[in-house]
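Shown next, in structure tokens, is the structure this report addresses.
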Amino acid sequence: MAISKVWISLLLALAVVLSAPAARAEEAAAAEEAAAPEAVLTLHADNFDDAIGQHPFILVEFYAPWCGHCKSLAPEYEKAAQLLSKHDPAIVLAKVDANDEKNKPLAGKYEVQGFPTLKIFRNGGKSIQEYKGPREAEGIVEYLKKQVGPASKEIKAPEDATYLEDGKIHIVGVFTEFSGPEFTNFLEVAEKLRSYYDFGHTVHANHLPRGDAAVERPVVRLFKPFDELVVDSKDFDVSALEKFIDASSTPKVVIFDKNPDNHPYLLKFFQSNAPKAMLFLNFSTGPFESFKSAYYGAVEEFSGKDVKFLIGDIESSQGAFQYFGLKVDQAPLILIQDGDSKKFLKEHVEAGQIVAWLKDYFDGKLTPFRKSEPIPEANNEPVKVVVADNVHDVVFKSGKNVLIEFYAPWCGHCKKLAPILDEAAATLQSEEDVVIAKMDATENDVPGEFDVQGYPTLYFVTPSGKKVSYEGGRTADEIVDYIRKNKETAGQAAAATEKAAEPAATEPLKDEL
């Protein structure tokens, strides 16, 4: 299970003291910028397709007027649009109010799950990619300039390959000629992954700074600043090539410390859906070397397993401790989060126990643990408190229509929403088939049925199990109106449940080959 974007940000933010923000622009420049006409195109349902068709490359932000992150992005987005309007060719930035009723079909079509969502449209919308770049103007500009050019650049001379030694990950295809299925597949993968890596291609392996110059071609060569430094693959199947790049571009053991050079690998580690094994201990104490040796040995022993490994310093990993519900006095500890969001913990682990404990995990012998606050003894407020240990009972098994908020205590938007939810819940208190609930997502594991990428996140769940991300208004009246319009009665819930069960009851048995 991948960790939500907001938590990944916190994990990394707590690992290093962030530098002070850049100096502000002078007032005269700011005034001049404010007076300039808006460079960001405003799109809506009536002009969206035409705009996408007119521009070979366009970045579109799907936003909501009430979204705090959208408001923070707006001036940076506009500044980037103004700077990129001078680029040759011009790079276009646009925005869509996805909260507007007439634009909601667009949000649905392009799978907008939260705000802001940014997508790159190429070639009239034939290619659509998530924007994975920075959120400040200068970063947006540099990122998009790279995205506009070819996905892979030809290396014609040794001087063209000097960038391969810059300490980043690069992928180079070595071919006898720039044609054929292998080259086509390579370019397809380069286009798909260009947001993450730099790609190059050449017919001269001897131009490259590392690797066998006499290698049989075609071959894909990945350069990296860790482990083997260079690794080759001859499998040009698109799926196999993507897997090769994914597996080779992360260290065998990701290090969680204050070194910012490790943060890109941490980001990729926590975004991965693969099972994750994490050893947390104090890097500055004597036993560290023996633990490190034992852990790296275990990584080699289980190298054939589908699991990613991390070793983290306690001091740098407080965000991870908070996310996983761990305590410093449990260290040294080893934790596994599997692809189904289950977690397995061994606290006070000894170096000599690591291999055996991992073997027990792979053999299915371990019992999962879950982060949960205690179930409230009294729960008499209009908005009901739910925790990980009772969320399924309250939300999915109560037979009621439930609006549930996932929040963080430190979140300003959550604090503003709290009295509004209280008011809405009080208004609906006499309607016994309705519950408004809240869960502190920093103290409880969020069930896998919900995708929580930021705070607050709200879902509406009906008695029949229908689950919808709530993207409606943020006033008490709007929330009440939404619930009353969308709730199921007992009869509707029974009918929906019966209808959902019909295919399973009538579908003939099939033999699976």
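Every residue gets a Cβ built from N, Cα and C, even glycine.
Record features, source Swiss-Prot:
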| type | residues | note |
| --- | --- | --- |
| SIGNAL | 1-25 | signal peptide |
| DISULFID | CYS67-CYS70 | disulfide bond |
| SITE | GLY68 | site 'Contributes to redox potential value' |
| SITE | HIS69 | site 'Contributes to redox potential value' |
| SITE | ARG135 | site 'Lowers pKa of C-terminal Cys of first active site' |
| DOMAIN | 369-488 | domain 'Thioredoxin 2' |
| DISULFID | CYS411-CYS414 | disulfide bond |
| SITE | GLY412 | site 'Contributes to redox potential value' |
| SITE | HIS413 | site 'Contributes to redox potential value' |
| SITE | ARG474 | site 'Lowers pKa of C-terminal Cys of second active site' |
| REGION | 491-513 | region 'Disordered' |
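CYS411 (disulfide bond) carries neither a helix nor a strand DSSP state and counts as coil. Long-range Cβ contacts of CYS414 (disulfide bond) within its own chain (separation 6+, distance under 8 Å): GLU405, TYR407, ALA408, TYR455, PRO456. Assigned with DSSP, the residues of the domain 'Thioredoxin 2' (369-488) fall into helix, strand and coil as follows: 32 helix, 25 strand, 63 coil. Taking a C-beta cut-off of under 8 angstroms and a sequence separation of 6 or more, GLY412 (site 'Contributes to redox potential value') has the following same-chain neighbours: GLY68. Long-range Cβ contacts of HIS69 (site 'Contributes to redox potential value') within its own chain (separation 6+, distance under 8 Å): PHE115, PRO116, GLY454. Here the candidates are the recorded positions ARG135, CYS411, HIS413, ARG474, and by Cα distance the one nearest CYS70 (disulfide bond) turns out to be ARG135. For the pair HIS413 (site 'Contributes to redox potential value') and CYS67 (disulfide bond), the Cα-Cα distance reads 9 Å. Remark: ARG135 (site 'Lowers pKa of C-terminal Cys of first active site') has SER72, LEU73, GLU76 as non-local neighbours, by Cβ distance under 8 Å and separation of at least 6 in sequence. CYS67 (disulfide bond) is surrounded by 20 other CB atoms, counting those within 10 A of its CB over all protein chains shown.
The disulfide-bonded residues in question are CYS70, CYS411, and the one with the fewest Cβ neighbours inside 10 Å is CYS411. Confidence in the domain 'Thioredoxin 2' (369-488), given as mean pLDDT, stands at 93. Using a 10 Å radius centred on the Cβ of GLY68 (site 'Contributes to redox potential value') and all shown protein chains, the other Cβ atoms total 14.
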